[in-house]
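One structure is given here, and the rest of the page talks about it.
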Amino acid sequence: MRSITALFFLFCFLAPSALAQLRTGFYSRSCPRAESIVASVVANRFRSDKSITAAFLRMQFHDCFVRGCDASLLIDPRPGRPSEKSTGPNASVRGYEIIDEAKRQLEAACPRTVSCADIVTLATRDSVALAGGPRFSVPTGRRDGLRSNPNDVNLPGPTIPVSASIQLFAAQGMNTNDMVTLIGGGHSVGVAHCSLFQDRLSDRAMEPSLKSSLRRKCSSPNDPTTFLDQKTSFTVDNAIYGEIRRQRGILRIDQNLGLDRSTSGIVSGYASSNTLFRKRFAEALVKMGTIKVLTGRSGEIRRNCRVFNN
């Protein structure tokens with residue numbers, strides 16, 4: 001109950017324009033089963049593929065940090081009309097078929113009512129809970145964007161300095177605490193290819209036994225993957241922060257969160273309290289989900305998440 005209350009007060013401090021028509025239970029009358037339909041689709045896939053939590057966390061981050069949470073990432077490229085989806089780091093985002101299935105069922109139940117942007121938000125929230133993370137309410141009422149341009153994509157890489165990452169998050173209305181929470185929480189269930197952390201394999205700021213293990217794995221020419229959280233790889237919890245404190249962060253940005261004076265205290269706080277992490281992670285996800293949203297008459301409600309209506 002306390003976490004729900006905290007989230008209620010969080011809504012009150014978010015940008016008024018974002019909250020003007022976003023609210024918890026937005027579809028309670030227009031499509032009463034909306035949230036349960038999305039939850040069912042996500043749960044069905046989670047039973048056979050627990051990695052979808054990482055996929056959805058990445059999908060929502062990549063969507064919201066490019067022109068806001070408007071499902072512009074979901075638009076398929078066409079001949080002569082490229083989109084965000086196939087550009088740079090977005091090329092490896094996955095989970096679109098789960099969004100498609102949720103949309104198909106929602107269109108059958110409530111045609112042209114539930115936005116693709118809300119489906120992404122709900123699916124991410126539900127997958128986090130399934131992976132042992134916090135359960136929380138999210139406001140809905142987003143509309144889908146009318147633009148998906150690869151030139152808009154400017155997402156951080158795994159070697160971004162902490163100071164630059166702080167600036168990038170600040171440009172989206174997110175503070176340093178939000179940044180540490182979302183990066184660590186998102187990476188608590190993710191994987192990375194060796195090519196993304198080759199620079200760490202000669203880094204003195206990596207625990208020696210982990211470094212040796214990764215060097216052996218990454219000697220393969222097939223660019224294998226490894227879990228970013230070596231301790232609880234499929235659970236959304238605070239374990240990754242403890243790993244970072246023990247110099248076992250895989251990506252440079254992860255480890256640097258524990259070394260930089262502006263973020264190390266936050267890492268230590270989360271490492272010592274999963275309760276604190278769970279509360280802050282729920283709050284940060286809700287806050288990220290309000291970045292530059294379209295509401296009211298702006299945008300559209302897509303019939304198919306992969307294409308604009310016109």
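Glycine is treated like the rest: Cβ placed from N, Cα and C.
The feature signal peptide is assigned by Swiss-Prot to 1-20.
Under DSSP, C110 (disulfide bond) is assigned to coil, being neither helix nor strand in the three-state scheme. Feature annotation from Swiss-Prot assigns disulfide bond to C31-C110 (among others); the stated evidence is sequence analysis.
Using a 10 Å Cβ-Cβ cutoff, R58 (site 'Transition state stabilizer') registers 21 neighbours. R58 (site 'Transition state stabilizer') falls within a helical segment according to DSSP. According to Swiss-Prot, the feature site 'Transition state stabilizer' maps to R58.
Among the features that Swiss-Prot reports, active site, proton acceptor is placed at H62, with the record citing sequence analysis. A 10 Å cutoff on Cβ-Cβ distances gives H62 (active site, proton acceptor) a total of 20 other Cβ atoms nearby, all chains included.
Within 10 Å of the C-beta of C64 (disulfide bond) there are 28 other C-beta atoms, taking all protein chains into account. Positions annotated as disulfide bond by Swiss-Prot: C64-C69 (among others).
Secondary structure from DSSP puts C116 (disulfide bond) in a helix. Among the features that Swiss-Prot reports, disulfide bond is placed at C116-C305 (among others).
For the recorded site, P156 (substrate binding site), the DSSP three-state label reads coil. A C-beta separation below 8 Å, combined with a sequence spacing of at least six in one chain, links P156 (substrate binding site) to A164, S165, L168, I253. Residues annotated as substrate binding site in Swiss-Prot: P156.
Around the Cβ of H187 (heme b binding site), the number of neighbouring Cβ atoms within 10 Å comes to 26. Reduced to three states, the DSSP call for H187 (heme b binding site) is helix. Residues or ranges marked as heme b binding site by Swiss-Prot: H187.
If you take the C-beta of D237 (Ca(2+) 2 binding site) and look for same-chain residues 6 or more apart in sequence within under 8 angstroms, you find G132, G133, S188, N274, F277, R278. The Ca(2+) 2 binding site annotation in Swiss-Prot covers S188, D229, T232, D237 and is backed by sequence analysis.
According to Swiss-Prot, the feature disulfide bond maps to C194-C218 (among others), an assignment based on sequence analysis. Of all Cβ atoms in the shown protein chains, 20 besides its own fall within 10 Å of the Cβ of C194 (disulfide bond).
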Could you check which of the recorded positions H62, H187, D229, T232 is the closest Cα neighbour of C305 (disulfide bond)?
H62
Around the Ca(2+) 2 site formed by S188, D229, T232, D237, list the extra residues of the same chain whose Cβ is within 8 Å of the site's Cβ centroid.
V189, K231, S233, F234, T235, V236, N238, A239, I240
Count, for each of the disulfide-bonded residues C69, C110, C116, C218, C305, the other C-beta atoms lying within 10 angstroms of its own C-beta, and report the residue with the smallest count.
C110
Other Cβ atoms within 10 Å is the metric here; tell me which of the binding-site residues S188, T232 scores highest.
S188
